[in-house]
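Residues annotated as active site, proton acceptor in TrEMBL: 151. Taken from TrEMBL, the feature S-adenosyl-L-methionine binding site covers 48, 50, 68, 87, 111. Among the features that TrEMBL reports, domain 'TRAM' is placed at 198-256.
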Ligand SMILES: C[S@@+](CC[C@H](N)C(=O)[O-])C[C@H]1O[C@@H](n2cnc3c(N)ncnc32)[C@H](O)[C@@H]1O
């Protein structure tokens, strides 16, 4: 039996609408993108396997919003799932998603895939276009520290796409879950920890040390974002190079003292 048949049968037995449900389970087990109480936006959600998994994982206090070109049948077992029928390449659909989320979103997950033409280069280009739409939506919706999962078909320009995602998240992991192995051309990127910090690794800037942390590092504030700078004291004005950026704070090394 192929992996495809295995997960198809398992989905039938366990009441999931698609074998894709197991991909989201495996992605979440790998990098923990969905927590209880979260608000999750699922792009390309029909028929609803990922919605079922996301609804189970966020629990009754969480919310899941699913979007697809296709109609998604109501999920009778979950009253915390809202669905939107629309095209994510259209601005008005994105606006509807923003309205439905009504505030902060903890995770944006996209399993969007184009209708297959059979011509790989065309399908791949369309897949990358959908992945970029998902990325734009994630940047618009995600709160600091939020996570992003996106499917894309391997091919030209995927490395550039990954580099763009890396700019906006603490780190990116690429994976092909077991439940997806038969579709070997697809890869999922998991962007962990949305960065909204005003600095990025490698940036050089002058800062004033305003405080000293418990570990003895100086603390500077850049537009309210805390940067820890070793070997400095309160009142120092130093030029630093940023070497590590986390969602809520970062680290920088002093380059010269004034
Ligand atoms: C692989 S299926 C998703 C399966 C789903 N994750 C599940 O577990 O049931 C890909 C979906 O992407 C949707 N899709 C493709 N282009 C889209 C677009 N521009 N806007 C919204 N959905 C789109 C398709 O209609 C299709 O239902």
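Note: Cβ is positioned from N, Cα and C throughout, glycine not excepted.
Shown here: features listed in TrEMBL, placed on the structure.
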| residue | record | DSSP (3 states) |
| --- | --- | --- |
| 48 | S-adenosyl-L-methionine binding site | coil |
| 68 | S-adenosyl-L-methionine binding site | strand |
| 87 | S-adenosyl-L-methionine binding site | coil |
| 111 | S-adenosyl-L-methionine binding site | coil |
| 151 | active site, proton acceptor | strand |
Surrounding CB atoms that lie within 10 Å of the CB of residue 48 (S-adenosyl-L-methionine binding site), all protein chains: 27
Distance [Cα-Cα, Å, rounded] between residue 151 (active site, proton acceptor) and residue 111 (S-adenosyl-L-methionine binding site): 5
Least surrounded among the binding-site residues, given as 68, 111, when other CB atoms within 10 Å are counted: 68
Helix, strand and coil totals (DSSP H, G, I; E, B; other) for the domain 'TRAM' (198-256): 0 helix, 36 strand, 23 coil
Close in space, distant in sequence - residue 50 (S-adenosyl-L-methionine binding site), Cβ under 8 Å, 6 or more apart: 18, 20, 21, 23, 24, 42, 66, 109, 111
Span of 48, 50, 68, 87, 111 around S-adenosyl-L-methionine - largest C-alpha separation, Å: 18
87, 151 as recorded positions, winner by CB count within 10 A: 151
Listed recorded positions adjacent to ligand 1, that is, members of 50, 68, 87, 111, 151 whose C-beta is under 6 A away: 50, 68, 87, 111
